[in-house]
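**Student:** Structure below; questions to follow.
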Ligand SMILES: NC(=O)C1=CN([C@@H]2O[C@H](COP(=O)(O)OP(=O)(O)OC[C@H]3O[C@@H](n4cnc5c(N)ncnc54)[C@H](O)[C@@H]3O)[C@@H](O)[C@H]2O)C=CC1
Ligand SMILES: O=C(CO)COP(=O)(O)O
């Protein structure tokens, strides 16, 4: 049994805490809101994010980071990507020096264009052997219901990747280890943007040919950027690439796909953002991924077009016409 601190009591932080508890660990969740801590501790539920799911007794919640981090062997981070730096800066000095930091987040920081593992390294000074990533087709509500699913746990250090694998292998959750942190993180961040694009097509009333085309060309685009930035292309063919893309783009549970669907039906980004409490990471990361692609001189037409719709510079209908209108080219280019 390991002692794990999970920072973030949203959908995925809470669902992954269930996985960790089912895998035999002692889990303390840090929640930003004290009322969420009280509800988790008293009612064994987190109704704002996972209504109807009973949390195992081994999970407790606290608003005090020091309490959550005391003796923690693993520190799991599950706050919105754009909020990681400001939060982690406050917690960094409290983190035990030998604890492994694990990112559950799927985004790229605006401005710095850093992946979450890079933000973690910068803020805490932890080396690559102390930083892991979990990414795969893991819609929080399905995981919380213990529906069978697999995922990838990546760390540059093979021994630590295997420890992470053991840490979260539960009766319903099967992790595979990998050394490709870059591929897993970029696969996870990019699929959110492709999910927005697919959602737009659904919102416009288009069918499976359109969505399959966006998914497949989205995967090509993801692999193009990720490999240019050092990822193994095979990672993108695996659970953290294709697997996550399929789950996100097929599921009405995906916040990114749902957000895109509303854009496709004509709502604005501001209207949709105001109507939900949950994060759709692609709305911000489309901008940072586009900047990353431009910096690496990688052609990224889907991210470019999704970004234009999110920014209100193009309608979803014009986005799809414009993507089709482009000069034709080889499928492998
Ligand atoms: N929900 C899912 O199915 C999955 C989500 N992820 C990723 O996990 C990360 C977290 O997402 P979710 O838990 O789904 O989000 P969520 O929207 O369900 O919850 C976000 C949590 O962060 C907290 N939060 C919001 N603003 C904050 C701030 N300024 N400082 C500190 N905490 C703040 C909220 O109170 C909430 O507890 C994201 O990067 C997401 O892409 C990854 C896999 C699955
Ligand atoms: O990452 C996810 C599934 O793997 C969750 O997707 P959404 O953030 O779009 O809900």
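Placement of Cβ uses the backbone N, Cα and C atoms for every residue, glycine included.
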**Student:** For the sn-glycerol 3-phosphate site that TrEMBL gives with 106, 136, 191, 254, 255, 256, which of 180, 244 also belongs there?
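**Tutor:** The record-listed residue among the candidates is 244.
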**Student:** Pick the one from 49, 299 that TrEMBL also lists for the NADPH site with 11, 12, 32, 33, 106, 140, 255, 279, 281.
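**Tutor:** According to TrEMBL, the candidate sharing the NADPH site with 11, 12, 32, 33, 106, 140, 255, 279, 281 is 49.
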**Student:** So how many of the residues in the domain 'Glycerol-3-phosphate dehydrogenase NAD-dependent C-terminal' (180-320) end up helix, strand or coil by DSSP?
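**Tutor:** Summed by class, the stretch gives 106 helix, 0 strand, 35 coil.
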**Student:** List the Cα distance (Å, whole number) between residue 11 (NADPH binding site) and residue 256 (sn-glycerol 3-phosphate binding site).
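**Tutor:** With the alpha carbons as reference points, the distance is 14 Å.
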**Student:** Under a threshold of 6 Å between Cβ and any atom of ligand 1, which of the binding-site residues 11, 32, 244, 254 are retained?
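**Tutor:** Those binding-site residues that pass the cut-off, since their Cβ is under 6 Å from ligand 1, are 11, 32.
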**Student:** Within the set 11, 32, 49, 191, 255, 279, which recorded positions show a CB-to-ligand 2 distance under 6 A?
**Tutor:** 255
